[in-house]
């Protein structure tokens, strides 16, 4: 399998660093919206710095893998394994941080297309690095298995493929190697091969765990887009509901205004009718009385 290093391309973060430098050197005194965007870009710059650091760490992991596959002394091998474990631990810590930071950036850019583009750019870079890390681990897993198989066939040259595979997958190896250990002339070789195969087996278990975590992380980062869209849909629904409430409120208000106008008109009509009745009473009752009195 190919050992090609997926990190030999140019640094993909230079463009963002240049953009951030321009923003940091821009004159002050902008509006609150501009200040907010600069603060957001500072956050993006921090994410890109951690992405670059993450890339460097998995480069080191790739280099450690290659060194472990070469002929090294037992002391060198132990040192390489300690160093490899440290790099893997650093990568794991950064993965959690990057996931949280990118999710936070996406949340901040929920209603700003420029911010959304920057956050999405970081997410895509992270996805690529995760995929590259998975390829590195997958290559090392296959090469480690092949090396362990070669070590086993040194002491069991007539072993079938099934027997070799069983030896690689047996964590203890005692039963698999018992026949070889019975051969006094090859006892030392068998013990050395047993130790190597056991070490490779433990390494393969760690690799499988790391690869499972990377697969889960990759899926989580892909689902961030779905989650982000769901948040947008919820907000849009809330805005739509609020708009409907406003429209309904305006409708109720208009109805109340119309009712009030109608009530005022009815009141005026009643007053006019009362005035007419009063006038009729005056004409019919009061006026004749006054005329009669004068006579």
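For all residues, glycine too, the Cβ spot is worked out from N, Cα and C.
Note that the coordinates shown come from a computational prediction; the quantities given were computed from them, not determined experimentally.
When the residues 34, 73, 113 are compared with Swiss-Prot, the one annotated as phosphoserine is 34. Swiss-Prot assigns the feature transmembrane segment to one of the listed ranges (248-269, 270-291), namely 270-291. Screening 31, 144 against Swiss-Prot annotations picks out 31 (annotated as phosphoserine).
A helical conformation is recorded for residue 34 (phosphoserine) in the three-state DSSP classification.
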